[in-house]
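These notes are about the structure you will find just below.
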Amino acid sequence: MTLQNYSHKLKLKKLVQPKKNWLWCLILPVWAYASFMVSGLLVSLMVWSLVQAGVPLKSIPSVLLTTGISVVVWIVTIFMVTMVPYWLFKRKTSIKDLGVTGKPAWLDVCMPVPIFVAYFICSIMVAALAVTFLNVDFKQAQQLPFDTTVLYSQAQYAMIFFTLVVLAPLAEELLFRGYLYTKLRKTNSVKVAVIITSLTFGLAHLAIGSENLQWNVVLDTFVLSIFSCLLREYTGAVWASVVLHAIKNSLAFYLLFINPIAIHSAVGILFT
């Protein structure tokens with residue numbers, strides 16, 4: 001798809017004046033987040049049941065088991081968020097509603113690169129303001145399904161990379177910039193849809209129930225979501241936002257698992 005086609009699609013979208021429905025602005029984010037949480041609980045219950053039944057899941061390497069569980073959780077999440085409304089209320093969600101429209105174009109791969117630079121700069125600025133005025137601790141480590149202090153094998157690193165850099169960006173973009181943003185955009189302006197989607201995405205990373213809430217991660221993912229939503233709006237698909245998300249997670253993977261000294265040095269320079 002060429003830049004001219006993208007611009008043409010953008011002009012067509014500007015002609016659409018959606019009717020605002022504030023009730024759905026509350027229901028849709030809650031439903032998207034609840035679908036993920038319930039899916040996690042269901043899969044956890046399934047794993048517990050298998051263990052109680054004598055299935056030797058504990059003998060499976062932890063990285064492989066975590067990767068497998070992550071895949072199942074996201075499959076159940078996408079299935080639940082799209083199919084339950086259809087079963088109960090006949091509200092159909094198409095593949096197009098999830099932002100899957102054809103194959104990725106070259107611009108979907110190239111455009112996220114400069115957008116990532118813009119996101120990175122904005123994220124640092126927001127972090128600096130949050131540290132100064134809100135006393136947010138940006139030295140706090142993000143909670144991950146994998147232990148960053150363990151030295152893994154090459155195969156294990158490959159599985160961690162797949163989970164964090166391939167699976168997570170694809171699944172999260174389908175849920176938030178695909179399902180949630182598309183549904184909100186049908187009844188709201190770009191600004192409203194972007195803000196609500198980004199707030200939901202950010203708060204989903206708060207790690208509720210943990211000892212320390214991750215406000216540093218909330219702010220970073222909120223900024224990331226703004227740029228991801230704009231890519232979703234401009235391109236009409238989720239591919240560019242998936243690439244942007246993957247670039248961000250690739251950098252995080254490198255700093256957390258391959259070269260952790262670099263991230264400690266960077267955080268120390270920026271926030272001390």
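Every residue, even glycine, has its Cβ placed from backbone N, Cα and C.
Per TrEMBL, the features are as follows:
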TRANSMEM  21-51  transmembrane segment
TRANSMEM  63-88  transmembrane segment
TRANSMEM  109-134  transmembrane segment
TRANSMEM  154-171  transmembrane segment
DOMAIN    157-250  domain 'CAAX prenyl protease 2/Lysostaphin resistance protein A-like'
TRANSMEM  192-210  transmembrane segment
TRANSMEM  222-244  transmembrane segment
TRANSMEM  251-271  transmembrane segment
* Asked: Against which stretches of its own chain does the transmembrane segment (192-210) lie, if we need a Cβ under 8 Å and a gap of at least six residues from its ends?
  -> 20, 25, 28-29, 32-33, 36, 142-143, 172, 176-177, 180-181, 184-185, 217-219, 221-226, 229-230, 233
* Based on Cβ pairs under 8 Å, which of the stretches 63-88, 109-134, 154-171, 222-244 lies most in contact with the transmembrane segment (21-51)? -> 63-88
* **Outside the transmembrane segment (63-88), six or more residues from its ends: residues with CB under 8 Å to it** => 31-32, 35-36, 38-40, 42-43, 47, 57, 98, 145-146, 152, 156, 159-160, 162-163, 167-168, 171, 174-175, 179
* **Counts by DSSP class (helix H/G/I, strand E/B, coil) across the domain 'CAAX prenyl protease 2/Lysostaphin resistance protein A-like' (157-250)** => 76 helix, 0 strand, 18 coil
* Same chain, outside the transmembrane segment (154-171) by at least 6, Cβ under 8 Å from its Cβ: which residues? -> 61, 63-64, 66-67, 70-71, 74, 77-78, 144-146, 242, 245-246, 249-250, 252-253, 257
* Structure fact -> Outside the transmembrane segment (109-134), at least 6 residues beyond either end, the same-chain residues with a Cβ under 8 Å of its Cβ set are 215-216, 219-220, 223-224, 227, 231, 235, 239-241, 243-244, 247-248, 270-271
